[in-house]
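> What Swiss-Prot records for this protein is below:
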- 49-71: region 'Disordered' (REGION)
- 56-68: compositional bias 'Basic and acidic residues' (COMPBIAS)
- 70-290: domain 'Radical SAM core' (DOMAIN)
- 207: ubiquitin cross-link (CROSSLNK)
């Protein structure tokens, strides 16, 4: 009997508070719901801002996303020297230094790139055949194909310093040789800065085409369309040479390289409009191997390594270097490359680039 008294008393006491508490809960309920919804909206807004890249720092969406997602260096352009025997007026990688990495250090960097996912390496300059008469380049080409077993090894050259003996020693390890040719008019080549005294740039191009066929190297042509060649019709010449690709670039200005106070070139006189570039492309629309690249496509869609193996970020119209991959590794350095992988794929940056897969009729 006495044990039930406290329980009964407690139940009666609780019953006296049920109605007031219920009233309080019903009045506070909407307030709690409103606060919860407000916090949810605030969190949602922050999430949407992150997805859209609208940060307080005002960073663009690509920069915000790229800082968290690793970039694979599928295709890399290694400008291991800035030295050149030509003086092309629009050149955007000029001879500001004479530095070239020791061979073993260059190989170490290439090994790091391979481990990070590199499939294609393109050697450029400057003029890549100028250093050690092409032997340094040849050893890197052989290393990349034999030891790294890269699917594609290519070179961009003006062609003036290449000898047949180089093909005999290293041709089997090279997939693609791209030769720069901006005009089939020798007077225009002189105006541009590709004149070499008694040497004829066009005749040399034809000789190199023959060597590429003889030594089973895919032949490619690169042309920079500028004020002096924009009216030219190159259709018949290109068809006769029959390259696997004819890369056509719009003349590009880069602060500190070919425009501005610190530049070694003054390329403003070579610049053409987007409309003029489109007219040139339309004139050559029947050339099946034509691959055009406007300034917009070109600026952010290349992974460029300089002579110190630093990635060069060209997003702001100049070349801002990262730290060297030899010092900080590929993953850290590539975050500062400014590389736009979507544009790389959109411009056709990934194609059949191994001569084993090209199935050419040598």
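Any Cβ shown, glycine's included, is placed from N, Cα and C.
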> Would you count the other CB atoms within 10 A of the CB of residue 207 (ubiquitin cross-link), including those on all shown protein chains?
13
> Would you report the average pLDDT that the model assigns to the domain 'Radical SAM core' (70-290)?
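Per the prediction, mean pLDDT sits at 93 for the domain 'Radical SAM core' (70-290).
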